[in-house]
Amino acid sequence: MTVSRVCLLLLVALVYLDCCYAASIPRNFDPRLSEEIVMAPKKRPFCNAFTGCGRKRSQGPPGMPAQDLRTKQYLDEEALGSILDSESAIDELSRQILSEAKLWEAIQEASAEIARRKQKEAYIQ
């Protein structure tokens, strides 16, 4: 009698464990969410005044593959490096920068003079 009770208790325990193991807790599972989507960080689009919004920073400009973009950038850097290596080019660039600065100062002085004249005319009237 005790052996049959032990066997019966063991059988009930095994059935109970099997039911617990096989049971699953229902949860709301969205099939659109996969591990790749959840684990990968989302990038926000890069916005600026020149290109606008709607593309990610890692994307190249529309119509230009990334490899071509890298090649073009490398060639531009190489050309710029060879130009800056020559001393005469550096001197010419310095002269251009100084002339642009002088032109900017002249424009600012002319704008200030025009503003003073307008203010003087408004005061007289």
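The backbone N, Cα and C atoms fix where each Cβ goes, glycine too.
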Position flagged as cysteine amide [Swiss-Prot], chosen from C47, C53: C53
Cβ neighbour count within 10 Å of C47 (disulfide bond): 10
